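**Student:** Sharing a structure, written as structure tokens. Questions coming.
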């Protein structure tokens, strides 16, 4: 058991390092860097010399290998630098944005689990035998619907048609309802499919046949024997499904709702540091080496 846990932990560290390295390489391939994007704005009135001083202050003019090592070591120590765009420590951005994303992800996963269980159970109830094919086809429909379209459709239905959820200035929990549904629907599809297959497999086991031979009703057999044993494969599959809980579409397409993904997308659009690796700040590090400016004329210019 210890060997297995160590192996999994080592693979996790390797994946994080690979993601960090890939993000670094992709951002360096793009033209320009976060400092240039920020300070080359003509409205700021900075001269080329002042911009060069800013790049030096943020470490963006260092060799790539030095930027890579410096940023990697700093991140291992929990130092994510300063945001070029916001001008505040990245840790503050993470502190303000991450809780909202975690709340959305947790609620979305719980709703997805409940939805998968309800679909699988209803499709096997004897009273709903005529609707079995329809209920079994719903998971395939859920996983094939584009998430961005689902978010827009939910806004159109519940906000503009039914007027149940306000679009402008909703309460904290009102603003979470539509994003939670958008996150839960595609996640529930594979969970429901696995649970359906597990129910069919358990239904053929000898102990189920014995329970039926003793005169137990179909409802009793389903709830007492089949579902209890069919839940194990679904619970095992729930871990990877929780890891793939994707809040990005819900953050953006279900209204402008603050979360990690908004900050990560902003960081990517500004060619800032490894936003995806560290959880999505606006910048993380300018040019992957963005310590806060050391001071001097560069600070005075800004």
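Glycine too: its Cβ is placed from the backbone N, Cα and C atoms.
Take a look at what TrEMBL says about it:
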type	residues	note
DOMAIN	1-95	domain 'ABC transporter type 1 GsiC-like N-terminal'
DOMAIN	125-233	domain 'ABC transmembrane type-1'
TRANSMEM	102-122	transmembrane segment
TRANSMEM	134-156	transmembrane segment
TRANSMEM	176-196	transmembrane segment
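I'm curious about the neighbourhood of these features; can you describe it?
**Tutor:** Taken together, the residues in the domain 'ABC transporter type 1 GsiC-like N-terminal' (1-95) have a mean pLDDT of 80 on the 0 to 100 scale.
Note on the domain 'ABC transmembrane type-1' (125-233): DSSP counts are 88 helix, 0 strand, 21 coil.
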**Student:** Helix, strand, coil: count each for the residues of the domain 'ABC transporter type 1 GsiC-like N-terminal' (1-95), based on DSSP.
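**Tutor:** So the domain 'ABC transporter type 1 GsiC-like N-terminal' (1-95) is made up of 67 helix, 2 strand, 26 coil.
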